[in-house]
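K.L.:
Residues or ranges marked as domain 'Major facilitator superfamily (MFS) profile' in TrEMBL: 24-493. Residues or ranges marked as transmembrane segment by TrEMBL: 20-49, 69-88, 100-119, 125-143, 164-193, 213-232, 348-365, 371-392, 404-422, 442-462.
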Amino acid sequence: MAKEQLKVLNALDSAKTQWYHFTAIIIAGMGFFTDAYDLFCISIVTSLLGRLYYTVPGSSTPGTLPSNVTSAVTGVALSGTLAGQIFFGWLGDKMGRKRVYGVTLMLMIFCSIASGLSFGKEAKGVIATLCFFRFWLGFGIGGDYPLSATIMSEYANKKTRGAFIAAVFAMQGFGILAGGAVSIIVSAAFKAAYPAPAYDVNPSLSTVPQADYVWRIILMFGAVPAALTYYWRMKMPETARYTALVAKNAQQAAADMSKVLQVDLEAEPEKVEPREQGNDFGLFSKQFVQRHGLHLLGTTTTWFLLDIAFYSQNLFQKDIYTSIGWLPAAEKMSAIEEVYRIGRAQSLIALCATVPGYWFTVALIDKMGRFAIQLMGFFFMTVFMFALAIPYNHWKSPGNSTGFLIMYSLTFFFANFGPNATTFVVPAEIFPARFRSTCHGISAAAGKAGSLLGTFGFVYAVDGIGIKKTMMILGATNCLGVVFTFLVPEAKGLSLEEISGEDEEGDAAE
């Protein structure tokens, strides 16, 4: 890549922060808002699904989803996400970021609505339909990861690039908060309209027939934010770096950027000269392994290890709240009351720990750097998880639940002011443009493999060895994250071409 041929990229790197940067954050970020809402709201309604479809008449406790059904309902969307990350990541490098960006959003809109429109009234039909559409919902969500991260990194200037990418990902925190808020509003409205006694007072009346609408409305609401941003997403031009470096049309790249950003662009050649053969190496080549093999190992392992702990904690918050007595036993509540209380608990954790953690990263990532934040986050996640797990019986005793919740919240805070944000940011910066979306998709898919392990493993681990030992395993997992962080390079203050080594390729070609 001859540097004088790509003045548009230099102009983007040095461009002042302007309104379109914030517009791009909102457009890309609303996809992540929807992603988080769709992935995490399922944990709020699983208890209700158990009461509606698995209650045994005459039982002293409300119905609950069997372990295998819980794992399927919560894990199937993650399986779809994993597949979508790899597929759309690859497609984003082959066809362009913009061309496939709208497809992911349409999938999310359609499948959010379809998830709430199950077939039949029997448990098997409802759960099978729910799992089918949540898999394809996850498939669309998966595509949003590499495409949003890559688009934002390729639009941003090098001074604030980390903050811009992190801000897109930080919308996930608002999505989790929205999931709790919508659950509170819907359940409160139904609770007022259809009052019901607790299960231990009257089992048959504690789950009113109208409760079946509650979980459907909560899941279907995920289509709303996605639909609101579809038009603006389609209006975004292709990124200059894809057009110039992959499609090799610098003139078109300059024309596209001049429409949306106020940057000084000099005349560009119509076509960028191709690289010399030997420098245009492929993803599975020896050259890629030599240049970026350890980088890809670092981004995949750290995201894998993070998501084992992060998704275990998020998807099963209600079990932990119940075990420490912060939520009443299920039989002490009606079905809709339980949804209300779980939604309130999730909202409180999101508001006090999850959302602030994301925005601490946004504020400090371009000052502290990606490496320092990720290392610090994994370290404190390890400390707080062991601090919860080792004296776990102490935290369960009366009067100590507040202390437990503070410590538990701090693990979320340092996940988000730490590796949950940086594992998303770094893969969008350190790989060459022609592999950027693919490598981000591979890294994200490794994370979802970790989330699947956490989702399925947590259920059986808690049943088999208890919450205390399970939390100790999660602490050890976070400790491994500290070790593998040393494989990930620092990208602070460098252009995408400098950190990915594309400048070196260009010098060799010249």
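Placement of Cβ uses the backbone N, Cα and C atoms for every residue, glycine included.
Note that TrEMBL annotation is computational and uncurated.
Help me understand the surroundings of these features in the structure.
P.N.:
Residues of the same chain lying 6 or more positions beyond the ends of the transmembrane segment (20-49) and with a Cβ under 8 Å from any Cβ of it are 62, 64-65, 70, 73-74, 77-78, 81, 104-105, 108, 112, 126-127, 134, 137-138, 141, 144-145, 148, 151-152, 155-156, 160, 164, 167-176, 178-180, 182-183, 211, 214-215, 218-219, 221-222, 225-226, 228-229, 232-233, 236, 260-261, 314-318, 330, 335-336, 338-339, 342-343, 346.
Outside the transmembrane segment (164-193) by six or more residues, the chain places 21, 24-25, 28-30, 32-38, 40-41, 44-45, 148-149, 152-153, 155-156, 208, 210-211, 213-214, 217-218, 221, 225, 314, 334, 336-337, 339-340, 342-348, 350-351, 354-355, 357-359, 361-362, 365, 416, 420-422, 424-425, 428-429 with a CB less than 8 A from a CB of the stretch.
Non-local neighbours of the transmembrane segment (371-392) in the same chain are 302, 306, 309, 361, 364-365, 404, 407-408, 410-411, 414-423, 426, 467-469, 471-472, 474-475, 478-479, 481-482, 485, 488-490; each lies 6+ residues outside the stretch with a CB under 8 Å from one of its CB atoms.
Here the transmembrane segment (404-422) has Cβ contacts under 8 Å with residues 166, 169-170, 173, 302-303, 306, 309-310, 313, 320, 324, 326, 349, 352-358, 360-362, 364-365, 370, 373-374, 376-378, 380-381, 384-385, 387-388, 395-396, 481, 485 of the same chain, all six or more residues outside its ends.
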K.L.:
In terms of Cβ proximity under 8 Å, which residues at least six beyond the ends of the transmembrane segment (100-119) contact it?
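P.N.:
Long-range Cβ neighbours of the transmembrane segment (100-119): 31, 34-35, 38, 84, 88, 91-92, 125-126, 128-130, 133-134, 136-137, 139-144, 147, 151, 215-217, 219-223, 226-227, 229-230, 233-234, 236.
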